[in-house]
Amino acid sequence: MSALHDATGIATTGFVSPFPTIASRASAAAPPSRALERRQSWERRYRWILRTSDAAAVAFTCAVASVVSIGAVSGPLAVADPGLVFQIAAATAVIWLLMLSAFATRDVKLIGSGAAEYTRVIHATGFAFGLLAMIDVAIDVDGIRAQLFVALPLGIGVLLFERWLWRRWLIRRRLAGAYTTRAIVVGERADVEYVIRSIADPGLGYQVVGASLRGDDLDSLRVGDAIYPAMRTHSVAEAAAALDADTIIIASRGDEGADEIKHLAWQLENTAAELVISSRVSDVAGPRMSLRPVEGLPLIHVEIASFTGRAYLAKRALDIAVASIALLFFAPIAAVIAIAIKLDSPGPLFFPQARVGRDGHEFRMIKFRSMAVDAEERRAALLAANEGAGPLFKMHDDPRVTRVGRILRKYSLDEVPQFWNVLVGDMSVVGPRPPLPSEVATYDDDVFRRLYIKPGITGPWQVGGRSDLSWEESVRLDLRYVENWTVMTDIVLMWRTVRVMLRPDGAY
């Protein structure tokens, strides 16, 4: 059987059963692989970077709060003993940093993607300042209120921005081939292919170096343009050593026995390699899932998606705050846009259009006019040039778009008036794409779930490709958001939207 080579040039042969017999403990107790040593090294280095950076951010924030408190001559922030202020600031910093560690905000399993890292930072900060608030109520110590009123909001912003900067740095390093996890994917062929496609983005930090397929005697596996070697050895530990891997991912469909997974864990227990099980519960985010062991049986509880209650009230409060700030911020820019539209082409300033909102309620969505006034009449003549999929109509070089309209669309400035729709309650800042009534008429039962929450000015479709997305991909992103939205997810998507607007791609 001919030898195969992975990206690092390591030769491999044959096929491995994904749940082989247990190798001897002596052979399993091999020295750590180079990949494992590299992973542990960069994990330690990155945690140290975050600890140092967190300490600097916390110290800066507490110092600013102290200076504000000392400078206050009256009011709740004024202090009678300025010398006590810096002692309180130091104590605040210590408690804060301890909570950041206690809440595992630097857990390498969650850094680099998703909102979990940011959520833990906020929870840790809230807990730390909750302790300070209780101390202030109990003994009324000078200097604590400055930390509560100044350091709390400032600190959350500084910490989240600092973590975001390091995340961008980490992603750039991963794109360059560093700070990655070398993984072997184990399971049925279809499940292995699904997992490999799901973690293919280099920014996620996984480098798949091989596969172990159950029921397929293959030398290699092709997924897209990549070819992965398939191993034949007596244990997964030996496969990991041969391919210099530090992680084994089980592409699970739920029919693996407890003994099989236990045997895999036994093979790896003296190698320090990680064992990861991918769930086939797809498009369900982590916050909706919890693990509850019952009589040795691990039960995964999946919460039913909620579209009412306290979380939805928090989302509405965030919408009102963001929309109000955005309307004030964009007011001078909107005045310039209005003049440009009027000078560029005849017609009204705004383009109101019927869209379908939550629970099928129709409303008039407002945009700056970016097309000629007869755009709707000319649409029928352009249907043959439609580049959109499904019910969407898209053209890269739509002749109906005005000169000013092209600029507005490129930077999404035509959507600024939609903040008024948010303020009056027709839309949300973040949500599914607002559909036309003609689009809704083509929906099947699953796609109707897009209407369970308010449509948004931005959303996963906006930051994930905009007009370049296929209809199916747009629907998938929207439905995933509908099922799994959180306030923290909304904040992350808002931030990503700002970046997309500054570096537009896929808008036309």
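Counting starts with 1 at the first residue shown.
Cβ coordinates come from backbone N, Cα and C, glycine included.
Unlike curated records, TrEMBL annotations are generated automatically.
Values in this document were obtained by computation on a predicted structure and should not be read as measured data.
What TrEMBL records for 48-72 (among others) is transmembrane segment. Here the transmembrane segment (48-72) has long-range neighbours at 78-79, 82, 85-86, 88-90, 92-93, 96-97, 100, 105-106, 111, 143, 145-147, 149-151, 154-155, 158-159, 162-163, 166, meaning same-chain residues at least 6 beyond its ends whose C-beta is under 8 angstroms from one of its own.
Taken from TrEMBL, the feature transmembrane segment covers 84-106 (among others).
TrEMBL lists 118-139 (among others) with the feature transmembrane segment.
Long-range neighbours of the transmembrane segment (145-166) within the same chain, counting only residues 6 or more positions beyond its ends whose Cβ lies under 8 Å from a Cβ of the stretch, are 46, 49-50, 53-54, 57-58, 60-62, 64-66, 68-69, 72, 76-77, 79, 85, 88-89, 92, 96, 117-118, 121-122, 125, 129, 132-133, 136, 495. The transmembrane segment annotation in TrEMBL covers 145-166 (among others).
Sequence annotations record features per position, and here TrEMBL assigns domain 'Bacterial sugar transferase' to 315-502.
Sequence annotations record features per position, and here TrEMBL assigns transmembrane segment to 320-341 (among others).
Summarising model confidence by region, the domain 'Bacterial sugar transferase' (315-502) averages a pLDDT of 85.
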